Structures are given as C-alpha cells and as structure tokens.
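Feature annotations, reproduced from TrEMBL:
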DOMAIN    515-914  domain 'USP'
BINDING   Asp968, Glu970, Asp1077, Asp1129  divalent metal cation binding site
Amino acid sequence: MNFDGLDAGMGEYPPSLHGTLEAVMEPSMDPHLNPSLLQGVELDPEGLAVTVPEAVHLMEGMFSELHSAVSEVGIPVTATHFDLQEEMLWMGNHRGHVTSFFGPTMGRHSSFQAHASDDIRHIHSLETGVLFLSKCNLKCHTRGGLVMFDYPLEEGADMHSLLMTDNNTVLMGGLQNYAVELDLNTVQETQKFTVDVPGVAIMRQTGRFFYCGHTSGKITLRDLRSFKTEHEFDAFSGSLSDFDVHGNLLAACGFSSRGMNGLACDRFLMVYDLRMMRAVTPLQVHVDPLFLRFIPTYTSRLAIISQTGQCQFCEPTGLANMADIFHVNTVGQVLMSFDVSSSKQALAFGDSGGCVHLWSDAPEVSFNDYSRETEFALPCLVDTLPQLDWNHDLLPLSIIPTPLTSTEHLLSDWSPAKATPSPRRAPPVDPEILRAMKTVGFIGYAANPRTRPRNQAYVELDYDNYNQVPESPIGRDEEPHLYMVPKKYRKVTIKYSKLGLEDFDFKHYNRTLFAGLEPHIPNAYCNCMIQVLYFLEPIRYLVQNHLCQKEFCLACELGFLFHMLDLSRGDPCQASNFLRAFRTIPEASALGLILADSDEQTGKARLGRLIQSWNRFILTQLHQETQEQEGPQAYRGASSSSLGSSGESAIGKLFGCEVENSSLCRCGKETVRSSLSLLFTMHYPEQNSQGDYHVPQILKKSICLEQSTQAWCENCEKYQPTVQTRNIRCLPDVLVINCEVNSAKEAEFWKVQAEYAFNKAMQKEKMEPAKPKEPPPPIGEGTCNMEGITFDTRAEDLRHVWIPPSLKMSISKSQGLEIGSWPEGEELSTEEEEEGASVYDLVVTVPHILDARTGGNLVAHIKVGETYHQRKEGVTHQQWYLFNDFLIEPIDKTEAAQFDVSWKVPGILYYAKRNYHTKYDLRIKNPIDASVLLTEASLARKQRKSHATFIPLMVSEMPQAGELVGLDAEFVTLNQEEAELRSDGTKSTIKPSQMSVARITCVRGQGPNEGVPFIDDYISTQEQVVDYLTQYSGIKPGDLDAKISSKHLTTLKSTYLKLRFLIDTGVRFVGHGLQKDFRVINLLVLKDQVVDTVYLFHLPRKRMISLRFLAWYFLELNIQGETHDSIEDARTALQLYRKHLELSRAGGNDEVRKVLKGLYEKGRQLDWKVPESETGDGQGSPKSAAVFPSVMGL
C-alpha cells in the first residue's frame, strides 16, 4: 500500500490494520486497504474520514455497508448512537472523545472531549442536547459541543447504562448496588433505588416494566413507579451480554458456565413470552452472539452480531438460516458497540480500531422517520465583505474599521475605584445591645431591644421620584401598575415560620376589635362577602338562630362562623368548615364557583364575575335553607327560630322583591308571571350611546328591564319575537346590585360617567362662594359624623366617584318605580313617607382589585353600624371600614365609593333602607341545648356496642360552668404543605398543609368517673385523604369509611355541636396543644376556658415539651409507644394539670419554676427522648415514688 502524502497520524494506525494483512488479502476485498479509496481524503490528528465511491449499489431490502469513518485511529469505539431528533450518528471512544457524523455520507459535524480520561459507555440524544455517560459522570452537551451540565456521581460508581423514563427524568445503572434517578430540569438526584449485587448492566423499558439485565445472567422485570422486582428470568448460567424487548417477546444472549474452562459464548438465544412469563423454545444461531436487537420492519426480525463482525438475521420463533449471515469487514478488529436507527433502516458498528461502519438496506437512507433540520457552523464571512463604492454619496463610512490613534481614555475604560464592587455595609450594632451583651467564647448573647421589626432593614428612598412615570417607552406601559395599587388594597399573605402562625403579627394589619378571615384556605375568595353578610344585623341573627339536621347546611355553618366573629377580639378566624360545606353543594360546582388551587394561585379566575355569581348563589341558598321546614325547625327539638318559623324566609323579607314579568307577543298575547328576585343586575346603554347618565337612571332601567327576545307563544304555537318587561310591586329592605363590569366596555362607561360627575362637582364648587372651614368637633363629645371620619367633603375628593351615597325610591300606581339621588343626612318629609317613599343608604361596596403581580383579589368596604361598635368597643357611632381578608382599616366614606377602574373595578353594591332593622327581632336564642350530648347512632355499619370506647353523659352528669373536661383531637392531611427552599438552605412555607379533624375525645374531669370518656367520635369525611398520619394520630385507612369502619363514626357537624354546647356552658378544657386542635376544628374558645399543659410546663424562650416526655417525667407513664391514642392523651393532660396544681399549692411559683428548671436539665441530658423501659413494666421512670394515682378505666 502507498501511504505517501498522508498525515503522519496514519503511522499511529496499529499494524493489525495494514501491516500484517497485505500479503494475505487482495486490496479490493477491503475498502480500508484499497489505495484508490484513500485518494483525496484529508487526514488530521483528530481523525480519519474514509468514503465509499459513489458507484456502490445496494440491493433493496438487504443490509450492506454504506460508509465507514474513523474518528481517532487505534482508539476503540465504546458507544454508538443514532440521534433521535436529527440525521446524525454519534460515537464515543475509549479516551472520552465524542464525534458526530451527519447523514448517510457521514460528513463530520462536531468533535469534542466529553470526559478527560474515562471511556464513553452510553449516549442518548435529547431535544436540546446529548447525554454522555462515563464510569462516574453524566454530561450533557449541545450538538455543537457546549457543556449544558456536568453531574458527577458518587465515588466508587461504575455506571454502564442509562434509560430515559420520561421527557425530563433519566435512570442510570451500573455495577453497584443502586440505580440513580436524575431530574434533568434541576440536575438533581430525585430517587435512589437499591438493587442486588452485582448491579444493573443493561436497561430497557416498555409500557409495563423496566427490564434490567445483570452480569450474573439474570433479567429482572421491575415496577415502573417503585422499581420493585415483579418477575425474574434466570437466562444464562454464566453472564449476560445483551437483550432486547419487542411486543410480547424478550430475547437474550449471553455466556454459559463451562466448569473449569470458564465462560463460553452460548449459541442458543433465550426467548421469553411476556404474556405468560415463561420461556419458549430457545433459538439456535450460527454465530457467537454478542449484541442483538429487534428490527421490526415487516416482521419481528432479530439482528444477532458477533464480536468478530458476523451478522445474522432470523425470526425469534423460527429457525436460523445460514443464508442470512453477513459480515462486517473490521479488518481484524473486534466489534465493541452496536446501534439501530429509529427508522430501522440503518445499523452502526463501532470496532476496536476506532472505525464506525454504517450499514443500510437502502441507498437513500434516513435515520428517523421525521427529523428536524440540523444546524451547521456558520462559514467565515471575512472574505465575502461587500465592495465599497467611494463615489456613493450615502456610503456609511462607519463600516470601515479604523485604528485607535487617540491617546485619550475610552468611556468604557473605567478607573479601578469605579470598577471595584462596593457592597452595602452592615448597619452598626445598637449600642444598647453591645452594652448588655454577654460573651461566651467568641459568641455574644444579648436580649433583643425590639427597636426594629424582624427581617427588615431601613433604606432611604427618594420619595420625590418614587411614583413618577419612567421615561422609557417600555416603562410607561409596564412599570406604573406596580405602584398604582395602594398597599392596603393589595393581596395579603401570611408569612409562616417554624412556629407556624404564633409569631405572625396580625395586629400590624388590624388594629380594630373586629375579626378578619384567613385567606390560605381553598375558595377563600369569598371572605369579603362573608364579612358583608355578617355586618347585616338581620342576617347575623337569622343564621345564629338557625339549626337544622342537614349535614352540610350553609346557614348553619355561617351561624357557627358568625359566633366566632362575635367572640373574637381582633384575632382572625377561619371559614374552613363553611367552605368545606360549600364545596359539597352541587349547585356551587355547577355554577363554577369552586376553584382549583392552581386557578387561585395563578390568578386565572375572573374574580369580579365570580363573586357576583357567588352573591346570587348564597342569597338563593340561604333563602331555601331558612325556608325549609324539617319537623321542628331546631335541632332535636330545640326551640325554633323566630326569624325562620313561618313559611316565608327572612332572606325573602330582607332582600326579596316581588317582580312581575310580562311577555307580549306581536300577535297581542300577553303572559304575566310573578316571581321573587333577591338581587338586580346593572344593564348599561348600548356602545354607541354617549352622554351623561346618572346612577338612578341606569338603575331604574335595570330593575324595570325591557328587552326583545325570541320566546314561545302558546297562541301562535311557535317561537315569536316578544317584548319582555319587568316591574316590581314592592321595595326590598336591602337592595343588592351586581354591577356586571366584566369587560372593557363597561369599565370605560364607569370611567366616563365618573369624569362627568367630577367635572360637575368642580364647576359647582367654583360657582359657590367659599365657605369658612369649620373646626373639627372636640373629641369625646359624641359629635362624630355618622357617615365617616371626615367632616366635610371637597369636590377634589369626589374623583372617580359616580354612585350616590343615598337614593330615594318609591312606587306609585301612576308612574311606577321612581329613583333619584338624595342628599345624605337629610330625612324624608311626613308626606313623602306616607306616599311610600324610602331612603336607601350605601352600606356595602365590593370591588375587584386588579394587580398583575398577584393575580388580583377581592375586598369589601362596609359601613359598620352602631350595634357592632357598641358590642366590640363600647362606643356608639358608624364608620366605614376596608376588609381585605385579615387586614381591616377604617376609611373615609368617599373612598368606599371611589372606583378607579384601572385597578379598582366595582363588583357588588348594597343599599339599605334607613332604619330597616327596627322591624326585625334581633335577639339570639341559642338553639344548641343539652340534647346534643345524648346517645346517637353511629354512621358505621359494622360498629357494635362491644366496640364502644366511651360512656355518654347522664342527665345528672351534665357539665356546669368552670368544670374540667379533658380534650384531645387527632387529624389527617387533605393537602400537603407547599414550601420552597431559599438560597441559604432554609425552608419557607408558602401554603401550610390542610388538615381535617378525624377523631375528637372528651373525658370527664371530675367526679367518681374522672378520666372516663363521654365523647369519642371518629369524623366521617367525604374529601380525599392524602395522609392518615397513623404514627401520630392512630387513624388507619378505613376508620373514617362508614362502610367498613368499626368505630363510632359521626359527622363533623354533630361533634361540633357537642363542643359548642360545652363552650357555651362555660367548661374549662384541659389538653396538650389545644390551640392547634381548636384551630383545625374551627372553634374559638376564650382564653379563660383553656388550660393548655404545653404552656403550664414551659419556661420563657425555651422549647415546648412533648406530652410523652412530661408524662414520663412527672407521672412515670410511658405513653404514645407506637401510635397516639386520644383517650390516653386526654387523661394524661388532666393528670398533668392536677400535678401542676399540686406543685403550685406546695411551694407557689418559685417551686414550680425550680421543678421546671430540673425538667429542662433532664431533657437536655436525654436529648428529649424518653428512655426505653428496663423493668419490663412499660414505665421507665426518672423517680421511684408514684406521683399520681391512676385514673379509672373503662
């Protein structure tokens, strides 16, 4: 052979490729050795490309060699892979170098070093890059060679294969006792699965299983989710070399043990039927199989490849034919890698000499059925610059590069002083802290002087330019809305810490004594409307007097919630039980009022339209629920509600308006129907209507609506154009209006009308003579304005105000409904009252706040009446307040009517008739009596008396005010906690886990049966439970299912009524961690009715101590061994309280503090873990003497 003129790198080609075979084989037998094939090929140190002459003809349907290429001469090719997205072939060699070839001509596309020294063992292509697996490293490169990520594996790892389980997850296995699952988005390990030694060498996947091949000769079938072994095939006695899966067949090749002679290649392929999980007849082949693949073009053909380059095709269920054997000319080298393209038209072989052979069954081969276009490196454009025409007048001379001849500094050449980063210095430490600091070692300790809010730093802002519109054209559109929404109107969120809500400062958001509502519960968007209903006196009294036997009744749940709002002194409450019942109402789901969590968090819900639909739904639902008669109205014979005793609903009296609907067909047929309407919807003029409109004018047209529509005419017996008109026969006590500002057209109408009204007010103020400003009345004389906190309203304050503060409404036989604006504060004359006129004052506005950052929120402006202030604050006046979940703030009366539609869109208006509540009976008659504690049947079908764990109270045992009741509750999880990890590694809770009460236990606190439970209810739930928390709650799957449970199963409402009766009676609850228990049960209990052992045995600024440790230390009891039992916990809390009383009587507070110091010292010594019992009696104790006598058991 003549190698003159070739690169010197050819000398590195091993002798086995050319030196020893020249005399044995003719040059024409091997394309590598034919000098004519090497002419015109340029070799470089990185590789050698060898091309096949164009005259090669391939026989259709039979595989033949198409091209060959060399990447690095003499370096074995350890991995080959056909790209799954583009027409490219990848190869990796023993030194960690990677090369890609484009198309069937195998033109070099890219070449780079993927690993410094280890061999490439597996290659897999992705949409955005290519994965390269080496012994202890996984790298991802772009197809051009840029590194996307480099993930090092554990020391000692010996990876051999990888498998894509989905688009973003890869599974890696090798010769170690584990397999690693990696998330490609975060480049983090998500799971690690344990496997048997010697590990996993080959992995395949179908829709049913993972298939793992082991070097021991076994193939295991594993579950796709848990990776647990489902089945195992013992294929070969020696070792496994390769296997493949197609359809219902699994074929494998390997080595058999030959005793002292070691391993021998087995010419029988093992074939398994995956439907029956058993082996079928082994397939004998005529080559020594090293690789095999299914090539299912027409049939399920198998390609079997030997190490020496022999290739045989056969059917897995038929006999092998000698005529189907082909030979890959490796020039004496052995094959080390093999792959099949996704189109099954091409085969790739990599040998130990660094050569890649491409075989195909068609000359026009494509690697994939649908490949995307491949990007190539851009050619150098230096030599193709356009010619400059010096004679052209408009030639830009700036395109001519000129050298820098000036000695002046460039603008970008900053001085080192300006280029050096200058971090913000930490503020100086408060001298008071330094003065009081005690140093231990190199750490100083000092009390927090509380002069600054926690986690906040003071930064001086330039307030003059803070709200200015940016000069950038982009900024004018995007930036102003960030500061447009005032802070008090923005969506409020609770910041959770390690202590949950205990250190969150709700007082910062609410300095009144009214109670806010927490927003983190699903569907809490209706918090503002709950507050609206609460501050309507007749509704508040109606629902608190209402009690029925329906499990999910919104009127009952509102009554329970309003009771909590009455008791609260500024602390926020939760509407969790109300919203739980709300989610079960079919009509709410049908109307689309129940939101998914994703819609609430991402702001996809159209809150303005949603709250108006909710407003209509809740009024209709309360009207139906309070109108129904269920035997005696009250629960189990309690006295009936005065507001709901008759067949007419109080909701109908309050909001109802008798409406007469008339339909007039063009044939002259008129149909009149009467109905009850609880609210009205605003209808606006057509789009082309321009001019100045007044709210009374629009409101009259909306109430007395006239429209044309197609309707069925009984006279014509077909659909005909009809004119429908609506008239009202009476006026409601509270007029409810849905504003229906759901599009830009309605919003623009409000904006234009508000501008008209504002301009009129400004002109009127200019025309009137200036009035001397009256001084504000002295504080304390009771002359505060009844409408708000301002004493006069200037025209400037009326910007964005269109709706009037008061309306005069009347119905006359001659003119029908009449509506007009009315000066606020003025009363009607006697004649007007006799004519049936009424004045309506604006008492509620509910706007939708548009905020692009948070997705928006809903708030309410409510005019709180005198009776509420009298109950909460002991003063008699009226005031407007802003209710934004748990943020409550007094506002001016004009602010309640201002709607800047660019961020504050009107939703709902309530106008109330003056002094309307005087005709209602506003006395609360608590409908919950002692009958709720009597024996009740269990919902569980399998529950028997022998399974009872409690003895109900007798009539003589009914608790009295001040008596003790031991309480404990267990919970299950409905939704897991949502949290994020900060950059410093700490966890931040975004949304806490949603808990549901599953078991409530109450035990007697005194008397001969002290310690005996009288309530032990398991709470049935219809919602999906994601975690029963069995280790901590003792609740097992099935305990809350009425079909299979053997427990005393009740509804939440039934048990809630029992606890409400005990609270109203005035008993004192004793328990451990009762604050959380009452919070999840959704009860508000006054502090003087709660004895919590968590705080009884606690020193300031120290950790809280578990009930188990307290029981071991003080009572010599070993409780909560495997799971928690609420009866045991309630009894233990009672005993601990008795022990605390004993210590207090013995030595007072000093003795208690001394004992607690000893408790904390003992806890630190034992790391707060109860030691295991050594006596065998189950009670390892710190003392020898008994502390407290055991209570009586069942």
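Cβ atoms are placed via backbone N, Cα and C, with glycine included.
Unlike curated entries, TrEMBL annotations are predicted automatically.
What you are looking at is a predicted structure, and each value in this text was computed from that prediction instead of being measured.
Of the binding-site residues Asp968, Glu970, Asp1077, Asp968 has the largest number of other Cβ atoms within 10 Å of its own Cβ. Counting every protein chain shown, the number of other Cβ atoms lying within 10 Å of the Cβ of Asp1129 (divalent metal cation binding site) is 26.
Cβ proximity to the divalent metal cation site centre (mean Cβ of Asp968, Glu970, Asp1077, Asp1129, cutoff 8 Å) flags the following additional same-chain residues: Leu967, Ala969, Arg999, Ile1000, Thr1001, Gly1071, His1072, Gly1073, His1124, Ser1126, Ala1130. Model confidence over the domain 'USP' (515-914) stands at 83, taken as the mean pLDDT rounded to a whole number.
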